[in-house]
Protein chains: 2
Amino acid sequence: MHIQSQNRLLLGPGPSSVHPEVLKAMATPLVGHLDPYFLQVMSDTQGMLRKVFQTDNQLTLAMSGTGSAGMETVFVNLVEPGDRVIVCIAGVFGERMKDVAERSGAEVITVETPWGRAIEPDQVEKALKATPGVKAVAIVHAETSTGVRQPLEEIARLAHDYGALFIVDAVTSLGGIPVEVDKLGIDACYSGTQKCLGAPPGLAPVTLNARALEVVRNRTKKVQSWYLDLNMIANYWGEDRFYHHTAPISMIFSLHEALRLLLDEGLENAFTRHAQNGELLQSELQKMGLELFAAEGFRLPQLTSVVFPDGVNEGQLRKQLLEEYGIEVGGGLGSLKGRAWRIGLLGYSSQKRNVVLLLQAMKELLGQA
Amino acid sequence: MHIQSQNRLLLGPGPSSVHPEVLKAMATPLVGHLDPYFLQVMSDTQGMLRKVFQTDNQLTLAMSGTGSAGMETVFVNLVEPGDRVIVCIAGVFGERMKDVAERSGAEVITVETPWGRAIEPDQVEKALKATPGVKAVAIVHAETSTGVRQPLEEIARLAHDYGALFIVDAVTSLGGIPVEVDKLGIDACYSGTQKCLGAPPGLAPVTLNARALEVVRNRTKKVQSWYLDLNMIANYWGEDRFYHHTAPISMIFSLHEALRLLLDEGLENAFTRHAQNGELLQSELQKMGLELFAAEGFRLPQLTSVVFPDGVNEGQLRKQLLEEYGIEVGGGLGSLKGRAWRIGLLGYSSQKRNVVLLLQAMKELLGQA
């Protein structure tokens, strides 16, 4: 079998479809990971990542793994056995955080809310009051399992008031809605490349501020992961260029090109584009009589959970959409399994014509056309 | 800055230059990670990896990280805190194994030999005799820091005689010299894609036999890494297709294409090609009066450490080679720093014309032309 294009339009929760220029960058003949040209590409990529994270953090780089590796990077580096960490859970990725934090040795205190809703700052404050010596508060900014946008300002303030680090999962938010790392005082933040950044999956942008980095530098115990140890990786991405592992060259090329396109468009313009296309999709879905799962006022423009009425076989519809239209959307997770779709308008996939096409296809499949 | 081809010929210790068809596969428009087409590509890739590892192991897959992530995968899954592991050290990558095993909680017993030589089976037997209850013996097959080929047969037998698992690092060997996983009874083996497999860096092929998998399944404690937990990843790559993380789609495409090219050529033919080009390079380097660092009889055809006489500034020569010829070779590590090159003839880079060109360029740079 030869690898061949399947002509898919990716409107699921990620990966998103990728700009042809990003694909071209992927196909660039390789250079070595210590080649002067590649070191320049790494520096450039760091500079662009800082702009996208809206930060001046020195330690801003792309880990050599997918978004989940970014999550693990932050926890294994910041947490030492017995540290208390508050993890906010409002969907699958909050649950994953808990698992990852526990495997890093954390004593996890959870703050939970039903799926489809945002975490209330009061809940976090209660947990902070009840738990002495909390080292970090961690939360998912854009919960990919529900489509909920989590406001961060107050929780950031609370975490700092109680002396805790503030950790944010920006896998699905970065590049689609503002992730203001410095302004909000996010101490550690990670993302993935295959959502609103518009690159293929395979890298995890990560940024840590000086305060978080100090925690990493002053650990009493080695980071349990050699592969994700920021003490060493920072030296490879930093001025020393000390060899750690062979960076995934082609993936860095693709991220570089995706970031260049994003910054050429302008971050604000990209946010507006995501907002407008999300708004169009969500209002039209409601006109079709379908229910949006995420609470009003907390809906992500780039990720929409839509619930079908009883009697609709979403799996069958999703299969038809893929086979007849070449369009991929995602199924529901957890309690939404079998009754909802997750529609992504992420990065390059966030285009008006994609929304119009998807809506028309859905109408035809639902017999509303 | 736009990403542009640098027209490099990669003759260092990896990454190697990549076949144009593999680059094309990288640029294939994306599909979703649960798309029926992608699941087929994954199955196909697994089947081809089994052929290359010369194994029937069910659990054969590509981890979503570079070769070092493959190393970490094997240790975090097989080792529980306090387990005794013998690590053979004859270069940088043996040292890395020790670090990774210790971070996984192992009590590491080292068996060491001077750089440039192979580990003697007697050394391993002595360590096995002296240490009750050794869980695993781990060794690097092709030490990238020295160019030494480590014979495996006797050490495999010894490990099994003493009831230990046998772990092999095949990062630089797989696809270049035989890695006979089933025949030798290797219980766990990992590699990277950017050496003799001829794909870009970013994935780590891993294979575990039933005995090793049982150890993973019967752990008393969760695997410390969520990202590398084979209990879950096996379900994603297995029949269940249970979502774990978003696979690096484009990287899998490239690996698929690289494996297809390798198996089209035929494993035996690829071994012969690597052997012939390595032999040509090594005999000609000696004719030039240069010293091969690896002990005779234990030289890897795909990776050659060559030592320059005192007074030769290898760093300057290497820079000239890159700037005037566009050829990359690697510098020496450890005690070889500043006095040796590491020349890779890995995968697609292993071509007679590359050897001839490199030798001629070296002669000119050394004033021997």
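Along the chain as shown, residues are numbered 1 onward.
Backbone N, Cα and C atoms are what each Cβ position is placed from, and that goes for glycine too.
Pulled from TrEMBL, these are the features on record:
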- B:R342: substrate binding site (BINDING)
- B:31-333: domain 'Aminotransferase class V' (DOMAIN)
- B:K195: N6-(pyridoxal phosphate)lysine (MOD_RES)
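When each of the recorded positions B:K195, B:R342 is scored by how many other Cβ atoms sit within 10 Å of its Cβ, B:R342 comes out lowest. B:K195 (N6-(pyridoxal phosphate)lysine) and the residue listed as 'substrate binding site' have their C-alpha atoms 13 Å apart, to the nearest angstrom.
When secondary structure is read from DSSP and collapsed to three states, the residue listed as 'N6-(pyridoxal phosphate)lysine' falls in the coil class.
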